[in-house]
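Please read the structure below before turning to the comments.
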Amino acid sequence: GRMKPVIVVHGGAGRIFKEREEGSRAGVVRAALRGYGILKRGGSALDAVEEAVRSMEDDPHFNAGCGSVLNEKGEVEMDAIIMDGKNLDSGAVSAVKCIANPIKLARLVMEKTKHMLLSDHGAHLFAQAMGVPEIPGEKLITERSRERWKKNLEPDSNPEEFQKDLGTVGAVAIDSEGNVACATSTGGLSNKLVGRVGDTACIGSGGYADNRSGATSTTGHGESIMKVVLARLILYHMEQGLSPEVAADTALDYMKTRVGGLGGVIVVNSSGEWAARFSTKQMSWATVKDDQLHYGIYAGERHTKSVDEALASEREGF
């Protein structure tokens, strides 16, 4: 292989409440280390982003998989997408219930069907056909999600206030072959209408990957992200010669001025440069490149550790 592999992950942009900061940091670090482990062994960018996202779906700190927020009826409905930068293949699922890892199902849609997006009942039938184990919906619901749902049902509540703590999860990577990939997964908006699909399942909005330019995964206000097709917009800016960081800032700035939307993005370009940028108060993120782990939550915050040191503290329990 010629490329040095890189992985970047995010655990969602928005407001991360103090008592959840440590868990969010630990969760993105764990996901980045897992994805990087795959890349280090010569694994593909696709496998790395899928594994990183699966790790966060299984972590109740994030609004994806277990820990997803609830719709107006008090159920979990999840969206996920994965994309292969080599041939622009993609797979996505929307409004799926009773599945622990929607990202795995998205990968199966990409590899086992001629389609790119399956939703709700059809996604459910496909999961059964593929032997994906079903779990009771309650298994995905945390105490915190149920509390929030109840609060949002009160007549004087303002669900918009809570939308700021979003927590979509995502990953982008480039492997030693120079292939890029992205993956994004979410429980969506708290108290959303039944059947609401946000940006995550939509190619070009929730994520996009193209070996010629790079890969990106987004988080934030889904409807705003869809209006500007944020992921594809960032790659467009990189195709015009901008660095990942400037491309990300330019696109986020446009989304803010044009439609008043806030969000965050992670990016890797075809030469392995990366960025993690956000217009919200916070976004948990982590990246590994050259055996160095970097991570943060606040604007301007960046911790650095060697991977060996990070793996050692992983084993001791963060």
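Quick reminder: no glycine exception, Cβ is built from N, Cα and C everywhere.
Taken from TrEMBL, the feature active site, nucleophile applies to Thr168. Here TrEMBL flags Arg196, Val197, Gly198, Asp199, Thr219, Gly220, His221, Gly222 as substrate binding site.
Note: the CA-CA distance between Gly222 (substrate binding site) and Thr168 (active site, nucleophile) rounds to 10 Å.
Minimal Cβ crowding within 10 Å, among the binding-site residues Gly198, Gly220, Gly222, is found at Gly198. Cβ neighbour density within 10 Å is lowest for Arg196 among the binding-site residues Arg196, His221. Other C-beta atoms found within 10 angstroms of the C-beta of Val197 (substrate binding site) number 20, with every protein chain shown included.
The 10 Å shell around the Cβ of Thr168 (active site, nucleophile) contains 32 further Cβ atoms across the protein chains shown.
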